[in-house]
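**Student:** Pasting a structure below so you can have a look.
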Amino acid sequence: MADKTLSAEERAGRAFPVSWDQFHRDCRALTWRLNEIGPFHAVVAITRGGLVPAAIVARELGVRVIDTICIASYDHTKQGELQVLKGISADTAQLGGGTGKGLLIVDDLVDTGKTGRMVREILPDAHFATVYAKPKGRPLVDTFITEVSQDTWIFFPWDTALSFAPPLRDGAA
Ligand SMILES: O=P(O)(O)OC[C@H]1O[C@H](OP(=O)(O)OP(=O)(O)O)[C@H](O)[C@@H]1O
Ligand code: HPA
Ligand SMILES: [Mg+2]
């Protein structure tokens, strides 16, 4: 019987730690793809995870209008009800003609796709890009760089710190 007290991360047992260098490289790779699709009037970051890739992508694409959609759902590794804390501004909405056409939505990843689905409902004609995608969320994304399995937890550099790792073999320290 499944132990419901275990977090998604503990159940998964698979960790995919991403360094700042790796994340920067992956964001640049994402931009190479997006550059073929744009130009975009504005970048919309899904906070908070989308803020870092949005800054890198906007810098590479030369886009200076950056807005946010503030959505919260995960309390560490447990997903709760989605809450839109803030929508895009009236100026950005106007740039996207009300449906998001010509806007680029950026997030760090799609997992179950719940967040992406909600954003797509708000801006159906926007282009949705993420750096990483898990299989359940993948159909919601227009452009992404790396697919990771559903049972993997991605650890982003802003959520982690360097620490001692004990040797694999007992007593080898
Ligand atoms: O596809 P889903 O299952 O909806 O999960 C993906 C979303 O979850 C994380 O955000 P979170 O809600 O944890 O907030 P944060 O970006 O502020 O960390 C991540 O940054 C995505 O936005
Ligand atoms: O794998 C993940 N890593 C970090 N945050 C997340 N939010 C949903 N899935 C993930
Ligand atoms: Mg997020």
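The backbone N, Cα and C atoms fix where each Cβ goes, and this holds for glycine too.
The following feature annotations were taken from TrEMBL:
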- 19-163: domain 'Phosphoribosyltransferase' (DOMAIN)
- Arg48, Gly49, Asp107, Asp108, Leu109, Val110, Asp111, Thr112, Gly113, Lys114, Thr115: 5-phospho-alpha-D-ribose 1-diphosphate binding site (BINDING)
- Asp108: Mg(2+) binding site (BINDING)
- Asp111, Thr112, Gly113, Lys114, Thr115, Trp153, Ile154: GMP binding site (BINDING)
- Asp111, Ile154: guanine binding site (BINDING)
- Asp111, Ile154: xanthine binding site (BINDING)
**Student:** What span in Å does the GMP site cover, taken as the longest CA to CA distance among Asp111, Thr112, Gly113, Lys114, Thr115, Trp153, Ile154?
**Tutor:** 17
**Student:** Which secondary structure state does DSSP assign to Ile154 (GMP binding site), in the simple three-class scheme?
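**Tutor:** Strand, per DSSP.
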**Student:** Looking at the binding-site residues Arg48, Lys114, which one has the fewest other Cβ atoms within 10 Å of its own Cβ?
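**Tutor:** Arg48, out of the binding-site residues Arg48, Lys114, has the fewest neighbouring Cβ atoms within 10 Å.
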**Student:** Just jot down the residues in the same chain as Thr115 (5-phospho-alpha-D-ribose 1-diphosphate binding site), at least 6 apart in sequence, with C-beta under 8 A of its C-beta; none if empty.
**Tutor:** Ile46, Ile71, Ser73, Leu82, Asp107
**Student:** Would you list the DSSP helix, strand and coil counts for the residues of the domain 'Phosphoribosyltransferase' (19-163)?
**Tutor:** 48 helix, 47 strand, 50 coil
**Student:** Which one of the binding-site residues (Asp107, Asp111) has its C-beta surrounded by the most other C-beta atoms within 10 angstroms?
**Tutor:** Asp107
**Student:** Within 10 Å of the Cβ of Ile154 (GMP binding site), how many other Cβ atoms are there?
**Tutor:** 20
